[in-house]
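Q: Pasting in a structure now, in structure tokens, and then I'll have a few things to ask.
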């Protein structure tokens with residue numbers, strides 16, 4: 001009996017609760033996301049809460065002083081109606097130098113924010129017909145945009161895999177050349193002859209359309225196929241991040257002078273827009289007139305499209321990394337102890353997680 005109790009205590013949580021690996025991964029991610037959100041709420045409350053209270057107090061103090069100063073000459077009820085109407089007109093974009101939001105270019109900008117799921121919120125339908133159309137239009141448009149993002153993900157990962165493959169081949173050839181040079185310098189003629197013969201055989205096989213390659217320094221299997229060598233997912237993740245940052249920095253350099261924002265605000269807008277969060281506190285292309293207005297709006301559309309695609313691709317690859325981290329945590333929770341009295345062959349352990357196949361990232365996956 002004591003041995004059974006000790007054995008049951010050594011079982012991992014997944015084994016105790018009899019949870020499958022996929023269900024354990026889902027529950028663990030749900031718990032971690034909840035903790036992450038609770039911690040984030042506490043941090044944002046500590047940072048933004050005092051400013052909100054200060055601005056609220058400042059506004060009500062000014063409003064109270066204004067009403068007291070002009071109470072004898074103003075009808076306060078009419079003033080409240082005017083302020084409400086003024087706030088609604090400002091939100092709808094009727095005031096200052098705002099361009100019409102429902103002309104053709106404004107409407108095209110709106111449908112772009114709908115299908116990309118950005119949803120800035122500065123342009124919204126006010127009629128029942130418009131709201132009903134958003135439901136049906138967005139259903140098909142968002143589905144098509146997600147498919148477009150996935151197809152873009154496949155192509156950009158394949159592109160970076162080709163670049164990394166060429167670099168890998170170049171590095172392998174340089175290493176082979178250094179080995180041959182060291183062999184010649186050390187007088188190992190037999191090794192040099194064998195290396196030259198192998199290189200000649202590899203070149204003749206590569207020249208033949210169906211001849212297999214025997215150069216093992218380039219990769220495993222055929223050196224002319226992406227399936228023979230795959231880049232690490234971390235390298236692809238880094239390159240996608242650099243691509244997204246490059247687009248964001250370039251767009252911010254354009255937005256800063258045109259929209260009269262600070263560079264940091266421009267970078268902040270790019271992340272909020274590219275990640276399709278879309279708060280709506282900063283929105284581009286809203287004034288009625290710009291220098292080179294058509295060119296700027298076309299460029300803004302290209303920035304938003306490329307940025308959304310790159311950030312979506314980066315998020316997808318990052319999710320693979322997070323999934324692997326979850327699998328490692330699950331394996332640790334299943335308690336592979338070193339002091340177990342039972343033989344290791346009889347211990348209940350989770351099966352190894354399946355390899356994640358995504359486009360060009362297969363052979364050297366996240367586990368490596």
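Quick reminder: no glycine exception, Cβ is built from N, Cα and C everywhere.
Pulled these features from TrEMBL for this protein:
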- 202-214: compositional bias 'Low complexity' (COMPBIAS)
- 94-156: domain 'Potassium channel' (DOMAIN)
- 248-320: domain 'Potassium channel' (DOMAIN)
- 202-224: region 'Disordered' (REGION)
- 26-47: transmembrane segment (TRANSMEM)
- 104-122: transmembrane segment (TRANSMEM)
- 134-153: transmembrane segment (TRANSMEM)
- 236-255: transmembrane segment (TRANSMEM)
- 267-286: transmembrane segment (TRANSMEM)
- 298-322: transmembrane segment (TRANSMEM)
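Are these features on the surface or tucked inside, and what touches them?
A: Helix, strand and coil content of the domain 'Potassium channel' (94-156), in residues and according to DSSP, is 41 helix, 1 strand, 21 coil.
In the domain 'Potassium channel' (248-320), helix, strand and coil residues by DSSP number 52 helix, 1 strand, 20 coil.
Only residues 6 or more beyond the boundaries of the transmembrane segment (104-122), in the same chain, are considered here, and those with a CB under 8 A from a CB of the stretch are 91, 93, 134, 137-138, 141-142, 144-145, 273, 276-280, 283, 285-286, 297, 301, 304-305, 308.
Counting residues 6+ beyond its ends, the transmembrane segment (298-322) has Cβ neighbours under 8 Å at 29, 112, 116, 118, 148-149, 152-153, 156-157, 233-234, 236-237, 240-241, 243-244, 247-248, 250-251, 254, 270-271, 273-276, 284-285, 356, 358, 361, 366 in the same chain.
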Q: Quick check: do the transmembrane segment (236-255) and the transmembrane segment (267-286) share at least 3 Cβ pairs under 8 Å, counting only pairs 6+ apart in sequence?
A: yes
